[in-house]
């Protein structure tokens, strides 16, 4: 008789809405431990099967999910690590993880952002801090609250090793949460970072009362900008019309639960960006990504009017009205091969 194989333990690092949602999904598939900084949140998850701070009182988590504030405990028992911490804290957590984690444990990022200062994608940081550990990203049109409430959704798991990606995808998959695989890590990560910037642009439009046609125009042209930069950075063109690109772009631009759309709306209401950030309980990655995206655009010689106008509002004192006037001033050219808005 064959010996029983131990089920791999998934360790999710981070206590926000999406990290908790993914942890609850994984706990329904196998042993899962979630590391959180807050003892109150850990107790809420363990005793009440809820993360009331980020998901409210109505979302009930898997009763097999356990939370801890002991980082060493979490790191030492991990067979798979899922990174749910924001981009600004991502590297620091990985550095601490490197002191405890055994070799070759796969590390999957949930973060759709770029590191300020280095302009690195999250998988690049994983490879730098944890060499030898397979790195991937899980991304797609995933509003955390909807997934946690059981609405049907899908994501794509991007890893260079498709055999490993196929094995790991089963840990995230449920009847209502479909998980596809791809080897285009660059494309998926680039799309995830860019869509946040474009959602801010659409949010600014909502604040101005623009029509549905105008919103569709901005989203469609945003997809072109996303694809141009993503391909220039090494992504595959076919990734961007998919879940991580167009799918995530649509939901982040249109959902009332979107943090980045909210930032755009608040900018349109005349609030300073620092005040908006301070009032939010979770991170809107598009705020930090806007300047980084423009650095890449300049590096590759690309005209990205939507990203440029968002960066101008967030970092250079422009107004929402000036941003949309700037877009309209762009002369339209060839829809596919043109360089303007």
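The first residue you see is number 1, and the count goes up from there.
For all residues, glycine too, the Cβ spot is worked out from N, Cα and C.
Straight from Swiss-Prot, the features:
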- 195: active site, proton acceptor (ACT_SITE)
- 17, 18, 37, 112, 144, 259, 283, 285: NADPH binding site (BINDING)
- 112, 140, 195, 248, 258, 259, 260: sn-glycerol 3-phosphate binding site (BINDING)
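Shown here: features listed in Swiss-Prot, placed on the structure.
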residue: 17; record: NADPH binding site; DSSP (3 states): helix
residue: 37; record: NADPH binding site; DSSP (3 states): coil
residue: 112; record: NADPH binding site; DSSP (3 states): coil
residue: 140; record: sn-glycerol 3-phosphate binding site; DSSP (3 states): coil
residue: 195; record: active site, proton acceptor; DSSP (3 states): helix
residue: 258; record: sn-glycerol 3-phosphate binding site; DSSP (3 states): coil
residue: 283; record: NADPH binding site; DSSP (3 states): coil
Which listed residue (17, 260) has most other Cβ within 10 Å, given these are binding-site residues: 260
Packing count at residue 248 (sn-glycerol 3-phosphate binding site) (other Cβ atoms within 10 Å of its Cβ): 27
Where residue 248 (sn-glycerol 3-phosphate binding site) sits in the secondary structure, as DSSP reduces it to three classes: helix
Closest of 140, 195, 248 to residue 285 (NADPH binding site), Cα positions, recorded positions only: 195
Recorded positions: 37, 112, 195, 259 - member with fewest neighbouring CB atoms within 10 Å: 37
Nearest-integer angstrom distance between the alpha carbons (Cα) of residue 140 (sn-glycerol 3-phosphate binding site) and residue 17 (NADPH binding site): 15
Closest of 112, 144, 283 to residue 195 (active site, proton acceptor), Cα positions, binding-site residues only: 112
Residue 144 (NADPH binding site) and residue 248 (sn-glycerol 3-phosphate binding site), Cα-Cα, nearest whole angstrom: 12
